[in-house]
Amino acid sequence: MEKTESLEKELLSLMGGADNIVSVTYCATRLRPTVKDRSLVNVKKIEALNGVSGVVDRDAGLQIVIGLHVNEVYDAFMKVWKSNASTDINDMADTLQTGNEKRNLFNDFIGLVVSIFSPLLPLLAGSGLLRGFTILANELGWLSTESTTNLILTLAATSVFYFLPLLVAVTASKRFDTSPYIAIAVMGALIMPGFIELVQGDGGNTIKFLGISIPVFNYTSQIIPAILTIWVQSKMEHFMKKKLPNSLHMIVIPTVLLVILVPVVAGIFGPIGNYVSIGIASMVDSLVNINQIVTGAVIGGTWNILIMFGVHWAPNTMVVIPEVASTGKSALIAYAATANFGMAGAAFAIFLRSRNRELKNFSLTAITSVMLSGIVEPAIYGLGVRFKSPLVAGCLGAALGGAFMGAFNVVGNAFVFGGLTTIPAFAGPTLWLYIVGLTISFIGGMVLTLIFGIKDPKAEMSASK
């Protein structure tokens, strides 16, 4: 705990102090602060801090790689930031000045996605593993697919996707600073049995509201309508709070929001989100179907690069999670998992060949992180970015594994990170092919790292002869 407290105090100081910070979010391994003046941030000193694996410094986005205990650092950081800030930290975002800082819309989008989906990661991973174990039990004949036990376990594992609009509504309401209870009520109307009856199947239907024809679809498992709706809700709620006397807030605001937003999301945001989701899914299917071997190789080979720049959340949230929610499977999850094992193989090569005890210990930590948690950032930043050749080797190894999986149509059943502990999420006809693909990635990353070597005196390791 003392180590965490020391780290967040140093981070606060090296980011220019409490009043230079606008907002802070976090994902699986990283703190993602937004600051007013980037010139006050000492990136080199932050990178050198004990407990920081690396820093991604890109345009308007700053990402500090912490590791698996990032949530602890985030909680401690928020307490210190709040106690040292001269104004309420909830009002900081309103003070952001563009000035010399050019806002990057893509970085803003990634930050938005991370802040909305990060709180849901444990739930998504847990439900995915439960679904995987249930399927595995079915495959092995331990559990009948006709049993009520199987039904209850399946419902427990899949409820998160059915009610995903409500979960996203809650996290989005926190991001946009609006009422989570109203958000749940608004999105809940669209997954009630009465609304589902109006839809009349997955193809949608046309109904009339106040004499106006509007298209409606099944919005269970949809995320885009929820994000759009809660953003509009926040704007409306903030506006009404400023214009209406406090005595009317409790009655008028919820009533107005429900009356306006439910029809709006049903007839406008819902169809927009549905069409966007269909378009993205069709595009991905087209790319995959062109040549699955090439697709697997490209995704496997480039996924660590996406992670390195922190942009992997775009395909995760716009493609993978919706695909799993609607179809119950995704090939992209399997392809992305090869990236983890490619880097784990590279780390294992360093562990075997390096004579630097500190580097060997770190390599072992990086391997453990991948195998047990599916978290690859320590290997990427601590070894790949630092020495370059392990990153290249890991990506090439992953490309080989991805190509193999593509050749045999390997798929995953849930949104999980690739690791030994998440293998049950790939239970099914292609389970063993998935394991072979991971093995190819691991061996490829290891062998290529041994061949390339590391031309750094501190590593005490050279290319294989």
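Using the three backbone atoms N, Cα and C, a Cβ is placed for every residue, glycine included.
Database features (TrEMBL):
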type: DOMAIN; residues: 5-87; note: domain 'PTS EIIB type-1'
type: ACT_SITE; residues: CYS27; note: active site, phosphocysteine intermediate
type: TRANSMEM; residues: 109-130; note: transmembrane segment
type: DOMAIN; residues: 111-465; note: domain 'PTS EIIC type-1'
type: TRANSMEM; residues: 150-169; note: transmembrane segment
type: TRANSMEM; residues: 181-200; note: transmembrane segment
type: TRANSMEM; residues: 212-231; note: transmembrane segment
type: TRANSMEM; residues: 251-273; note: transmembrane segment
type: TRANSMEM; residues: 293-311; note: transmembrane segment
type: TRANSMEM; residues: 332-352; note: transmembrane segment
type: TRANSMEM; residues: 364-384; note: transmembrane segment
type: TRANSMEM; residues: 391-411; note: transmembrane segment
type: TRANSMEM; residues: 431-454; note: transmembrane segment
The transmembrane segment (251-273) touching the transmembrane segment (332-352) per 3+ Cβ pairs under 8 Å rule: no
Of 150-169, 181-200, 251-273, whichever stretch has the most CB pairs under 8 A to the transmembrane segment (212-231): 251-273
Tertiary neighbours of CYS27 (active site, phosphocysteine intermediate) (same chain, Cβ under 8 Å, six or more apart): VAL70, VAL114, SER118, LEU121, GLY310, TRP313
Contact ranking winner - 109-130, 150-169, 251-273, 391-411, 431-454 against the transmembrane segment (293-311), Cβ under 8 Å: 391-411
Closest-packing stretch to the transmembrane segment (181-200), where packing means Cβ pairs under 8 Å, from 150-169, 251-273, 364-384, 431-454: 251-273
Two-stretch contact, the transmembrane segment (391-411) and the transmembrane segment (431-454), at least three Cβ pairs under 8 Å: yes
